[in-house]
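**Q** Sharing the features that Swiss-Prot gives for it:
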COMPBIAS  258-268  compositional bias 'Basic residues'
CROSSLNK  220  SUMO2 cross-link
CROSSLNK  220  SUMO1 cross-link
MOD_RES   2  N-acetylglycine
MOD_RES   5  N6-acetyllysine
MOD_RES   48  N6-acetyllysine
MOD_RES   185  phosphoserine
MOD_RES   220  N6-acetyllysine
MOD_RES   232  phosphothreonine
MOD_RES   272  phosphoserine
REGION    253-297  region 'Disordered'
């Protein structure tokens with residue numbers, strides 16, 4: 001069949017159906033969402049949990065959510081902007097920060113459900129494949145599925161750094177090593193040491209050393225915050241090791257104290273009846289005084 005021109009007549013516009021709002025805005029892939037959200041029909045009221053990972057310009061957002069008719073319910077959330085509390089003050093959107101955010105999410109969630117002592121996850125970071133398995137006689141491992149949104153799921157994407165952090169933190173998330181840094185698509189082999197380097201920020205440290213030797217100005221420009229916070233390439237691994245330990249020690253979110261706001265009033269408040277009567281009396285007295293002065297003169 002050849003090219004058929006769409007005739008936009010009255011019937012076309014009468015029967016036109018707009019797409020979902022978030023599809024029109026280019027925010028949600030409903031083809032993927034349908035498959036992530038729909039639960040098995042023999043599980044009835046059991047929610048299907050998703051690990052949502054979104055990378056913005058200055059932050060990494062990790063959430064555990066499940067879908068309801070009214071909208072998605074967020075069970076737990078962790079953000080990269082919380083990492084300065086654990087000793088990571090710079091590079092809050094790199095692969096190592098994504099791993100830390102995923103780890104924080106997992107430990108916080110398990111702590112909330114009282115499962116943090118049962119499922120410790122992988123304490124020693126190796127970068128190798130690790131899967132959480134349910135322990136007999138204990139509650140089953142918390143299972144969820146990665147929701148990468150509209151991100152391109154290429155090998156080495158930061159989304160998978162957050163996933164690895166969550167798995168090492170004790171969550172059961174189906175995955176393979178094919179999308180981790182260190183996987184070679186030609187030889188079909190996975191090098192765990194390369195992945196570990198990314199988790200420990202060694203790829204950034206190597207680039208810092210390279211720039212320091214090759215172009216001092218570019219180094220000062222690109223790593224200005226590292227210089228300001230006295231973070232050198234040799235400190236990187238120790239910094240992330242301490243952060244991982246600190247996250248495991250205390251993953252609980254601390255609520256900020258509510259800021260007292262003093263309300264400002266821009267218009268005059270209404271007067272009470274007594275104030276109005278007093279004002280009238282004052283005006284009367286003022287008027288009478290003026291009359292007396294006029295009579296005297």
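Cβ coordinates come from backbone N, Cα and C, glycine included.
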**Q** Considering Cα atoms only, can you say which of 48, 220, 232, 272 is the nearest neighbour of residue 5 (N6-acetyllysine) among these recorded positions?
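**A** The answer is 48.
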**Q** Closest of the modified residues to residue 185 (phosphoserine), Cα to Cα, picking from 2, 48, 272?
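**A** The answer is 48.
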**Q** Find, among the modified residues listed as 185, 232, 272, the one whose Cβ has the highest number of other Cβ atoms within 10 Å in the structure shown.
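**A** Result of the Cβ crowding comparison: 232.
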**Q** Would you pick out, from the modified residues 5, 48, the residue whose Cβ has the largest number of other Cβ atoms within 10 Å?
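**A** When each Cβ's neighbours within 10 Å are tallied, 48 leads.
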**Q** Just to verify a number: CA distance, residue 272 (phosphoserine) to residue 48 (N6-acetyllysine), in angstrom, no decimals.
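**A** Pair distance, Cα basis, whole Å: 59 Å.
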**Q** Count the other Cβ atoms sitting within 10 Å of the Cβ of the residue listed as 'SUMO2 cross-link', across every protein chain shown.
**A** 13
**Q** Including all protein chains shown, what's the count of other C-beta atoms within 10 A of the C-beta of the residue listed as 'N-acetylglycine'?
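**A** Taking all protein chains shown, the residue listed as 'N-acetylglycine' has 3 Cβ neighbours within 10 Å.
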**Q** Using a 10 Å cut-off between Cα atoms, which of these modified residues sit near residue 220 (SUMO2 cross-link): 2, 48, 232?
**A** none
**Q** Take the compositional bias 'Basic residues' (258-268) and count its residues per DSSP category (helix H/G/I, strand E/B, coil), listing them in that order.
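**A** The composition, in the requested order, is 0 helix, 0 strand, 11 coil.
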**Q** Provide, as an integer number of angstrom, the distance between the C-alpha atoms of residue 48 (N6-acetyllysine) and residue 232 (phosphothreonine).
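**A** Cα-Cα distance, residue 48 (N6-acetyllysine) to residue 232 (phosphothreonine): 43 Å.
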**Q** DSSP on the region 'Disordered' (253-297): how many residues come out helix, how many strand, how many coil?
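**A** Taking each residue of the region 'Disordered' (253-297) in turn, the totals are 24 helix, 0 strand, 21 coil.
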**Q** Report, in whole Å, the straight Cα-to-Cα distance of residue 2 (N-acetylglycine) from residue 232 (phosphothreonine).
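**A** On Cα coordinates alone, these residues lie 64 Å apart.
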**Q** If you run the three-state DSSP split on residue 220 (SUMO2 cross-link), which class comes out?
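**A** The residue in question, residue 220 (SUMO2 cross-link), is helix (DSSP, three-state).
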